[in-house]
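Here is what TrEMBL says about this protein:
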- A:114, A:143, A:172, A:208, A:228, A:229, A:230, A:269, A:270, A:271, A:272, A:308, A:335: substrate binding site (BINDING)
- A:312, A:376: Zn(2+) binding site (BINDING)
- A:456, A:459, A:464: [4Fe-4S] cluster binding site (BINDING)
Ligand code: SF4
Ligand code: SF4
C-alpha cells in the first residue's frame, strides 16, 4: 500500500484519515482507513463524561465529529445514535492514540480481529505485529485475548501502538492471577484486574455477567456444553461455590468503574452455542434476557454497551438472534462471532462463519468478530489474521451493500467500471487485497502489456465476454446511427 | 483419503458408492461419495426414453433407484420429482461411466466444478487431473469449458474418466470451428457440434437460447454489459445479422435431438449481471421469462431442463431470483453461479460468491456452480479447483442444514461430538478437508499425544473452554448425586 497510487490523507481540523486510491482514468476513490498510526492525540480534546453521557446532554464531542467525517454523516446524527444507545464509540480516556470510530447498525458494519497469545505459542512482538497487520487490512477494533505469560506487557504494547479501539476479556488475566483455578477467583481479584486494564487504556471489555448460576444446568444436555472461555470459567466458579455469579452481583460497581474511563461494556455471550445442534437453545436465550436487564443498568450509569452474539447457528436460525437481541437489549449494538453455519469444515471456518457473518450483519449486527482458518485447531498466525480480516471485510461490506449504504455501492461501482474498461491496475488497487489480486493475475499473464489487455487467461482473447460485449455496444451504436440517418421509425 | 479409517463401500445390486468414515469410538458415519471410478456400467441397464419420459409414464428407472439409495429416499419419491420436472437426472445414454445423481430442490444441494483450458494456458492432462481432483473433493458434476486447442480430445478424456455427469457449452466449440468469429456461426455448425457432443456422452448442455435479439439493447446502459461468454457470442451474432437468435428459432429441433440421448438442457443465463449494479435488471429478467417459455417446449419433448442463474447479486436481491425462477420456469431446478455478493474482492471470489451460494441454495437453488479464487483474474489451477470445491461444499451443506435435511444434521452432530470429546482424529476425518484440518493442528501441536489432548494451542490447556465445560458437567453430576443422597427437594 506504499505505492504512489495510494495515499493516506487527513481531513479537516481533526485530521480524519482516509485512503485515497488514484485511478488511471484520472479519478480517485476515498476509502475508510484503519491502518494508523494516528495523527490525533485525543488527550488534548478533553472529555469530561462518557460519550453516552455527553450525547444524552446534547453535547457533540470531538469523537462524534471525527466519526461523522469518517462515515459521511452529520455530527448530530452521530450524537443521536449514541444518545439512543444504538451506537457506541469505544474510547477510553487513557487510549488517546486511538482514532474514534462508531459501532452501530446505522453505520458501516465493523469488524474485530482477535489477537493475543496462548500459553502454548507466540511472543509479544508477534502479537503487536498481528495488530498492525490486522489494522492494515481493515480491522476496526482488535481484541487482545492473551492468556499466556506477559499478559500485561503484551497488552501495553498493543494499546500504545493501536490506532483502533482495543478490547479485552479481563477474566483471562484474573484467572492467571489465581493460578488458573476458576474456583479461586473473587470479585476483588477481578475488580483489581479491571482497574489495571481501564488505567492502561482498554476501550471495551467483555464481561460474562449473564452466566448466572441458574443457567448452568441448562447446558447439561447440550451437545457441546459451554464453549466460551469466559462462560466456562464463570460456570465453573458458580458451581464450585454454589453461588450467584460475582460479575452479576457486582455489576453496579463495575458500571461506576467503567464510567470513570468511558470504557464500553461488551456483554459476553458465555453460553453461546458451540455447534449447530445447540443453536438458539434455552441456555443461550436465558443469558440474552439477562444481558438485556444489565444493559438498562449500565445505561443508568451512562456506560456504553454492546451485546455479544453467537457462535454456531444454521442459516435459518440466524435472524431470530438479531430480532431477539434488538427486542431484549434496547437495540444496542450487536457484536457477533460469525456465526458459523456448519460444523463440518475445520480449516475453513473463516468461510463457514463468513457466510453467517454477512447474513447477520445484513439483518442488523453492528460489528463482526472475525474467525480465522485456524479456529478450533490452533492459534492463528499472521497469514491467518490477514485471511480472517479480508474474509470479514467481505462480509461486512456485503451487508453494507445489502443495507443500501451509498458509499458501499460507490466502491463496487468503481471496481466494476475498472474491470469492464480493462483498467487492470485500477481493479487491483480498488480490491480489498491488491497484492493477491495482482499476484493471481501475474501467475498466468505476468507481462506488463497484459495489464491493459482486453482479456485474461480465464477465457482467453477469443472468448473474453467483456471484450465481445464492447464490440456489441459498438455495433449497437452503429445501428442507432444508421437508424437516425435513414430516418426509420423503429430500431430492432 | 486412502487411509484405513476411510473406505469406499458399494451398496446393493446397483453398487451405489458411499464413503464410510470409521471413528475411534467404534461408530461409523456414511457420507455421499462422488470420487469414482464408477463400478456401474449403465449401458447394461437399458433406458429406452428420457428419465423424464419414464417418470411421467410411471416407470422407476435404475437411475432413479440408484439416486434413491444415495439420497436415502424412496425410488417412488425420486420418480415423482423427476416426473414433475422439479428434479433432473443428467444421464446421457452414451456416458455409461457416470453414477446417477439427482439435481432438485428436494435433494441434497449439488455443486458443479468448471474445468477446461483456455487458449492461453493448460493441457489435456491437467484438465483430466482437475476433474479427478474436483470429484475427489466432492464435485457432483463437472463442466468442461475448454476453449483452447483440442476441445474434442480434452472432452473425450474427461467424459471417459468422469464418475459424475459432464456438462458443456457447445457454442464454445462451434465458435472455434468458425475461427472465433461470432457472426460466422450458423445453426448448421451449432447443430453438428451438438450432435458430436451428444454422441460423445455429454450429460447436460448450456444453451443460451434466451438471448433474443430484442434483449440486446437492454444491456446498453449496463455498468458491465454482457459477461456470459455464450451470451456475448449470441448477442454479437444477433446484432451482426440483425436476426433472431438461431438457438431460439431452432429450439424444437434441439429438443428432438437431446431427447434421443437424454441430454439435459441447462438453459443459460446469457444476460446475467456481471456487477452488483446490474443485478435483477430488465435484461436479466426478460431472458428469464424466455427461459420459462422454452422450459415448456423442452418438457413437451420429455427433455429434462434446469435453468442457470446469476452472477453478481447483493444479498437483499438474491431471494427474488429464486422466487421468480420458480414462478416463471415451472419449478425446474435452478443452477446458479454464486452469486457474488460484492465486486470488491477479486482474489477471494470463492468467498464473495460462497456467501451468495449458501443463501440462494437455502432459498431453493438445486445446484451451485463453484467460483474459484482466480475468478476474473485467470484460469484456475488444481489448488484453486480444490478451494472452490470445498467452499461450495460448505455452501451446499449449510443450505442442506437450513432446509432441515436429516442426513446433513447427522454429519454436523458427528463432528461436533468428536470435537467435544477431544477425538481429534475423528474430527479431522469427518471434516470436508481432513488433510488441511490435520495440517493446521500439526502446525502448533505436531506430537501424537496432542491428538487426544484436552486442549489445543488456540486457548491453551488452562483456558480450554471445552475442557472446563467437562469439569462443569462432572460438577453438576456430583451435585445431582448429592441432592439425591440428601433427599432434598430442589437442585440449584
Ligand atoms: S477473459 Fe473472461 S475473466 Fe478475463 S477479463 Fe475477459 S471476461 Fe473477464
Ligand atoms: S483450546 Fe480452545 S479451540 Fe482448542 S479444543 Fe479447547 S476450546 Fe477448542
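Each residue, glycine too, has its Cβ placed from N, Cα and C.
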For residue A:228 (substrate binding site): DSSP state (helix, strand, coil): coil
Cβ under 6 Å from ligand 2: qualifying binding-site residues of A:114, A:172, A:228, A:230, A:312, A:376: A:376
Local backbone state of residue A:172 (substrate binding site), from DSSP in three classes: helix
Secondary structure of residue A:335 (substrate binding site) (DSSP, helix/strand/coil): strand
Entry from the binding-site residues list A:456, A:464 having the most other CB atoms no farther than 10 A: A:456
Candidates near ligand 1 among the binding-site residues A:228, A:270, A:272, A:312, A:335, A:376, judged by a Cβ under 6 angstroms: none
Among A:230, A:270, which are binding-site residues, the residue with the most C-beta atoms within 10 angstroms of its C-beta: A:270
Binding-site residues, contacting chain B; criterion Cβ under 8 Å; candidates A:114, A:172, A:376, A:459: A:172, A:376, A:459
Residue A:272 (substrate binding site), number of other Cβ atoms within 10 Å: 27
By Cα-Cα distance, the member of binding-site residues A:230, A:270, A:335, A:376 nearest residue A:456 ([4Fe-4S] cluster binding site): A:376
Distance from residue A:459 ([4Fe-4S] cluster binding site) back to residue A:270 (substrate binding site), taken between C-alpha atoms, in Å: 50
Coarse DSSP state, helix versus strand versus coil, of residue A:270 (substrate binding site): coil
Between residue A:376 (Zn(2+) binding site) and residue A:230 (substrate binding site): CA-CA distance (Å): 16
Neighbourhood of residue A:459 ([4Fe-4S] cluster binding site), C-beta criterion under 8 angstroms, separation at least six: A:465
Fewest other C-beta atoms within 10 angstroms, as judged across A:114, A:228, which are the binding-site residues: A:114
